[in-house]
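According to Swiss-Prot, the features are:
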type     : residues           : note
SIGNAL   : 1-34               : signal peptide
BINDING  : Y35, C55, C58, H59 : heme binding site
TRANSMEM : 284-304            : transmembrane segment
Amino acid sequence: MINFKKQIMKKTTFFLCAMLLVSSILIAPRSSLAYPFWAQQNYESPREATGKIVCANCHLAQMPTIAEVPQAVGADSVFKAVVKIPYKDDIKEIGADGSEVPLQVGAVVMLPDGFKLAPQERWTDEIKEETEGVYFTNYSEEKENIIIVGPLPGDTNKEIIFPVLSPNPATNKEYHYGKYSLHIGGNRGRGQVYPTGDKSNNVIFTSSSAGTINSIETIEDGSYQINIENENGEITTEAVPVGPKLIVKEQDQITVGAPLTSDPNVGGFGQLDAEVVLQSPYRIIGLIAFFIGVGLTQILLVLKKKQVEKVQAAEGI
């Protein structure tokens, strides 16, 4: 009887936890499912064949992203890939509920095959301090060379440090020394389009028809319905969600594609490529040996020249 009660309690607890998880997913506003999770859910790879990172499909505005990586790294070594996501301080954007919220940022770093996020036991104290509060995830279980971060509070994360571990060709013959490319993307703010193709409330809304604005209705949740009457007396209704500010009024004459709202977007996405050389230790040793050889040759030439000068002086030449 006691075991039966325990089983009932376990099943009840599991059921409640499952319901809580499902409810949190369904009830959570769309902004909580922001970059980069939708990219993971909708694209096998974050980079298209054209070279475009898929985040640009939803984040239509372009803004700069800066990356700093070492020119060369050694095998089986930890180095920092720094992604900078600049924007003006104290900027706020429109949240999914129409309220003003601080900007969030995110980044994706596509490393060459064999490179991956360095294990935490190999992080230096400096890296641990610089990455405090930052949670790194792989794009998928099969792609550990693709690291994503975000969304994070933008005010304190305009510079994101990625600790990267390089491969060792000496122990894994799949990898080789040489030059490799990295593909990097950085985003600030919400997107303008959802992966479903629907507009978010972080974009300009335009008219799909020409005519006169017959009426503007304010809905209980703060959104609008704009009724446009064309020259034939037909009414087209444009729905504007809560957030964007209307720039039209009743009796305004508008054309197809005319803006109905201001542009609320203050963010944007940017991508770039970088290069890093996986340096062979034998090449470094060879380079050092070459410089030593050149130095010794120069010294021998100077000594030989002085010897010749002494002989010439002795012979009175």
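Cβ atoms are placed via backbone N, Cα and C, with glycine included.
Counting every protein chain shown, the Cβ of C55 (heme binding site) has 25 other Cβ atoms within 10 Å. A simple way to gauge crowding: the CB of C58 (heme binding site) has 21 other CB atoms within 10 angstroms, across all the protein chains here. All chains included, 27 other C-beta atoms sit within 10 angstroms of the C-beta of H59 (heme binding site).
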